[in-house]
Amino acid sequence: MSLAAAAAAGLPQALGFARAGGLGQGGAPIAADPGHGFLSPTGVEIAFLLVGLVTLGAAIVTVTTRQLVHAALWLVVTLGGLAVEYLLLTAEFIAWVQVLIYVGSVVVLLLFGLMLTKAPIGRSPDADSGNRWAALTVAVASAAALVWVVVDAFRTTWIDLDGAAAGSTEVTGKALFQNWVLPFEALSVLLLAALVGAIVLSRKAKATTTDRPGARTESGTPSAKEPR
Amino acid sequence: MHLAYPAVLSALLFCTGLYGVLARRNAILVLMSVELMLNAVNLNLVAFDVWLSKAAEEALHSGQALTLFTIAIAAAEIGIGLAIVLAVHRNRGTADIDKLRDTAEGHETDGPDSDAPAPETAGEKAEATA
Amino acid sequence: MTTTTLAALVPLLPFLGAAAGLLLGRTAPGFVRPLAVLPTLTAFALAVLVAVRQGGGRAVDAATELTPTGSVPIELALHIDGFAALVAVLVGLVATSVQIYSTGYLRDDPRYPSYAALVSLFTSAMLLVVYSGDLMVLLVGWEIMGICSYFLVGHYWETPEARAASIKAFLVTKLGDVPFLIGLFALAVDAGSFRITTVLGAVASGGLDHPTLIALLLLAGVAGKSAQFPLHTWLPDAMAGPTPVSALIHAATMVAAGVYFIARLLPVFAASSAALLVMAVMAAVTMVGSGLAALAQDDIKRVLAYSTIGQLGYMTGALAVGDRGAAVFHLLSHGAFKALLFLAAGVIIHAAGTNSLAAMSRMSDLRARIPDAYWTMTVALLALAAIPPFSGFFSKEAVLGAAEHVATGHTQGVPGAAGWVVLVSGLLTALLTAAYAMRLWLLAFRGRGIEAPDHGKQPVAMNAVLWLLAVPSLAFGLATGLLPDWFDGRDLTPTLTTSVLGTGLALVGGLVTYGAWKHTTALAARVPLGAVAAHPEGDAAQVEAEAIASHAAAYGDVAAAPDPADPGRLLLGPLHRHAAVGFHLDVVYTALFVRPVQAGASLVRFLDREVVDTYVRGAGAVPRLLGAAVRRAQTGNVQTYVSALLAGTVILAVAALLVATGA
């Protein structure tokens, strides 16, 4: 939690770096100028790199820690770090949506899930399955392949962060409600379907639990499941 | 900013999520890892959208729009996924993925060809199929 | 109706009767007997009508081609000359007699419906052979007869003898049919048509390139069908079928089909003197051998079977000397009296409860029990032995006369050697024929000993048919003067020389046998012998089936009996042992063909079991092992699956990248 707080505290600073770095650059074509090498990073890049390292580290802790609740909390750090990265990329609307939905609801939901499945508090030695070495191999191999490909393809590409923010609320809203209205509305149908699906699954679970005599008290309070 | 930074970060995050999906035992932790992977993709989308909106003056902002959609879908997915995990947990008393092995070979021993048949019946079958 | 329509109806009616009989046999048993008798009877009447209309004049020819069938057209053709008209009348007469007789003979047989339908189908096929003007259509009838014969011989399939006999008959005739088919193709290729008229036209203009080859190939099929040496061995065994079947198929009609076929295509055979010579030798060996074998048989029907082979040998001999008039004349008279002989033998077997002559010779009063069979059989045996004035005398003398003509060099285009061979063997056979006819008569009707068992009165249907057939046996000789108009016009009246020689030899044979019987009959009382199946309530077929089944058990052999009172044993002397088993031809065939084929079959079985099946089992075992191996991966752990899936994806993606970048 302390790291997440630090990340949140450093947010304006990082933004300031981004602005400063962005101001230092002129209009750039798609291909990077020769001047923009890896050896001469701009301020925004340094900030991105640092926040990225924190994010990645938190992600790795998330998938390796043996304390299940800690994993959820480290996930908060990761998602918050990603929100900062969005801000650094001038996509502010997405960043706030990220904070709102992921940090605000998804992680809470996951914590609910952990609690409802009676996840043990404290270290659980069997958090990882016997598959972890195969998983590690696959993950490292795919990471190597992806990094190699991405670096090989985009090592000289330069993002111009100057000028109007590419992801301000206005820009995003215009794009969303001018060009993406139909998918947006279709998405609402999907959300409705998900809602119905979640309710149906819960009801089925309730039907099976009525077999047990002790489950009657639970089934007596259906409103407890509604927030989901 | 170099495009390589967000791209590499997203790739690494993705593979971290991948590891989590493959290695975690608890189903909820697997769902978390899935969220990681989805976020890695989101980062990629945003980075490329920013790059293209400036470099190619692309006004559609498809990357950001898709990111929003992905977030919405991810929210729905986590809701459904948790409902399933809870249902499984209620029925089986566990949410450990490697204990849910109903599809394993030899789970039902009285199946038609569940175990290796006797040699003479094997010969008969070979004759019948010949 | 035109003659063509009538002629088309003749084979069609029994066919429809057979189809209806097979369809209705189970559901409407009351219709079976009318359906068996009436179509055949109508066909007989129509055949008579066709013969009257044709009148021995110009041949009736009609043809229609249903559909083009390739290079050489196959047509539904009729070709009715005097030969065809008269043979069809004979077939109709015998088939009608047999159908009527069968209603009594197989009175209580549960398989009577299918039996009657098969007899009808057989009749239809034979009439098709007789009338057909197209060789391919003829072949269809030819093969249907073969398969009907197979089914009918095996009618008592509960007995192993009948089963073996039916398969043997089928295989041996098929052995001849294969070269026959090839010969037909060769003939059609040379002549350019399957039509008999066209073929004969081509022969007349010298259009055949390989007459000897074709004639010999066709001869193989004829030998199989007409039971000529060396393919005759199936006929004695075929006597395991019911007696009416023997009368119809194995005496009067089907075996005559081969002879009739040669008669139709005689110019083809006459184009090759080598083929005629082969035929003459074949006929001679068949005649003499079968006469000797007939003297040694104990089963009354086997005596008649060998006699049939011998008489067919006469017909083949007549054809070998180029006189088809004489051959078909003998075919007609022989068909009538041999059918009579068989049907009478059926009555005797029923009355005596056995088919063994040795057992009959130890019964008294058999004559009195079946007077109709006694008198008609006497007539038929006299005809068989060619005693004037019975029909057999005239037809046999026609054959001998034709042979003498050739031998003395009066006939063009036929080698004189063939004439001599046929003449000498024919005279020798006349002696043997009279001898075994006499032996049969004496042993069957002159027995002494216990009284014959009482099997009740014979059915009217059976006795009436005997008298009906006795008429042509008695009086067909009168037609000698008329027949040349129907045939080729060659004179068929007996010549003095051969008449005297033949009749004299026949009398000698008969008297010698009588003497021998007088000598041996005293022994009969000393050696009690015989097994009798007594079924006062059962029908004749049941008695016969039991008699066949018990013969081998009682006497140690289906053909012979260890009876010292047999005059044949005295006459043949040391030859008797060999003649009884048909001169060991079956043993030779067993060694030459059956054993190699069985060895080959067991080899194939071994190869199939051990080699082919190994591959098959291997083909099953390898996937089974693979499946067992793959099954181990089926752990049910989803994470393992996804790991494998993603590992494969990564490997494929890297490989695709390397290929795409050309690395």
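For all residues, glycine too, the Cβ spot is worked out from N, Cα and C.
Note that TrEMBL annotation is computational and uncurated.
Annotated features, as they stand in TrEMBL:
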type: TRANSMEM; residues: C:6-24; note: transmembrane segment
type: TRANSMEM; residues: C:36-56; note: transmembrane segment
type: DOMAIN; residues: C:68-115; note: domain 'NADH-Ubiquinone oxidoreductase (complex I) chain 5 N-terminal'
type: TRANSMEM; residues: C:76-100; note: transmembrane segment
type: DOMAIN; residues: C:132-404; note: domain 'NADH:quinone oxidoreductase/Mrp antiporter transmembrane'
type: TRANSMEM; residues: C:137-157; note: transmembrane segment
type: TRANSMEM; residues: C:169-189; note: transmembrane segment
type: TRANSMEM; residues: C:245-263; note: transmembrane segment
type: TRANSMEM; residues: C:303-321; note: transmembrane segment
type: TRANSMEM; residues: C:327-352; note: transmembrane segment
type: TRANSMEM; residues: C:373-394; note: transmembrane segment
type: TRANSMEM; residues: C:417-443; note: transmembrane segment
type: TRANSMEM; residues: C:496-517; note: transmembrane segment
type: TRANSMEM; residues: C:641-660; note: transmembrane segment
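Using a cut-off of 8 Å between Cβ atoms, the transmembrane segment (C:496-517) and the transmembrane segment (C:373-394) share at least three residue pairs, counting only pairs 6 or more apart in sequence. When the stretches C:76-100, C:137-157, C:245-263, C:327-352 are ranked by Cβ pairs under 8 Å to the transmembrane segment (C:373-394), first place goes to C:327-352. C:417-443 is the stretch from C:76-100, C:137-157, C:245-263, C:417-443 with the greatest number of Cβ pairs below 8 Å to the transmembrane segment (C:303-321). Outside the transmembrane segment (C:76-100) by six or more residues, the chain places 3-4, 7-8, 10, 14, 36-37, 40-41, 43-48, 50-51, 54, 56, 59-66, 116, 119-120, 122-123, 126-127, 130-134, 137, 195-197, 244-245, 247-248, 252-253, 256, 260, 263-264, 324, 328, 331-332, 335-336, 339, 343, 461, 464-465, 468-469, 472, 483, 485-487 with a CB less than 8 A from a CB of the stretch. Same-chain residues lying 6+ beyond the ends of the transmembrane segment (C:245-263) with a Cβ under 8 Å from its Cβ atoms: 83, 87, 90-91, 94-95, 97-98, 101, 119, 122-123, 126, 129-130, 138, 142, 145, 148-149, 152-153, 155, 218-219, 221-228, 235, 238-239, 269, 279, 301, 304-305, 308, 312, 315-316, 319, 324, 327-328, 331, 334-336, 338-339, 341-343, 346. Over the domain 'NADH-Ubiquinone oxidoreductase (complex I) chain 5 N-terminal' (C:68-115), the average per-residue pLDDT in this prediction is 85. Break the domain 'NADH-Ubiquinone oxidoreductase (complex I) chain 5 N-terminal' (C:68-115) down by DSSP state and the numbers are 28 helix, 5 strand, 15 coil.
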